[in-house]
């Protein structure tokens, strides 16, 4: 009976947590909807008197607004990509692993599996990175998200403002969202400023639109400052080919810690996020090279790392049955979450 109550309580808490996780997104949506009303109706249609100025303001605003909302939508609803079955323990191996009481035998099982996978990063102690929650050997740059309760390929961070994990599948969209958010706030602030001054000096009649125009400038400037800092930080990460997690915790390779292990040079670093076709850089469609399981590394020469020798292997590969080249593995295995 008590166990049933505990399970019901746990289920209720999980449900409440899922509902509450959408609150930050709802706040952003409400602010954006109000900004749309304030700019389009209260500023352009009511306050601005010149027809030509109205048209120009509205066309440019909606062009930015479309890309702003499009990238936000993609950041929210593009699901995080998880490691394929090659990295998971099979049902039989999982049963053997869980039933095995000898730690050294468990370690050997995982070492044998790691030797067949393209994994080159290790834990801080030099052990193979194993997730005991998902029962898989983590691909390079993959981490377990406690909020999403899954391992996420090339995980950057979990963002409450999009209620999603930012990783390999949607990092490009998230970066674009930051860029268009900065542009959105900047455009509003610059076009509203002159009317803000007119209202402040009393050159325009004090009507209902006054509040919306004054507050619109304040909100745009406030969000612009915070967003431009965050966007600048992520631009720096992209230029170094780092994730947020790697910036705070230096990745460890088979040869030891290397903070620039994935740094391929400025242009190639950008291409690792946006792809090599510049026509897709500003559009929120998937163009990041690779499958999220393997990445070219600076610390390995072309003979050691086939991804550097053949850039064609960077292209998306959705075949979970693909045979991976054997990679070296340490003899120690340590679970990491």
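Quick reminder: no glycine exception, Cβ is built from N, Cα and C everywhere.
If you look up Swiss-Prot, you'll see 131, 134, 144, 151 marked as Zn(2+) 1 binding site, on the strength of similarity to another entry. Counting every protein chain shown, the number of other Cβ atoms lying within 10 Å of the Cβ of residue 134 (Zn(2+) 1 binding site) is 19. Secondary structure from DSSP puts residue 134 (Zn(2+) 1 binding site) in coil.
Marked as compositional bias 'Acidic residues' by Swiss-Prot: 312-323.
What Swiss-Prot records for 327-337 is compositional bias 'Polar residues'.
Per Swiss-Prot, topological domain 'Cytoplasmic' is recorded for 1-20 (among others).
The topological domain 'Lumenal' feature in Swiss-Prot is assigned to 42-56 (among others); the stated evidence is similarity to another entry. Sequence-distant contacts of the topological domain 'Lumenal' (42-56) (same chain, at least 6 residues past either end, Cβ-Cβ under 8 Å): 191-192, 195, 204, 207-209, 212-213, 216.
The topological domain 'Cytoplasmic' annotation in Swiss-Prot covers 78-172 (among others), and the record cites similarity to another entry as its basis.
Per Swiss-Prot, topological domain 'Lumenal' is recorded for 194-210 (among others). Per-residue confidence over the topological domain 'Lumenal' (194-210) averages 86 (mean pLDDT, predicted model).
Under the heading topological domain 'Cytoplasmic', Swiss-Prot lists 235-337 (among others), citing similarity to another entry as support.
The topological domain 'Lumenal' (194-210): residue composition by secondary structure is 11 helix, 0 strand, 6 coil, according to DSSP. For the binding-site residues given as 131, 151, the lowest number of other CB atoms within 10 Å of the residue's CB is seen at 131. Away from its own ends, the topological domain 'Lumenal' (194-210) comes close to residues 42-43, 46-48, 217 of its chain (Cβ-Cβ under 8 Å, at least six residues beyond either end).
Of all Cβ atoms in the protein chains displayed, 19 besides its own lie within 10 Å of the Cβ of residue 144 (Zn(2+) 1 binding site). DSSP assigns residue 144 (Zn(2+) 1 binding site) to a strand segment in the three-state reduction.
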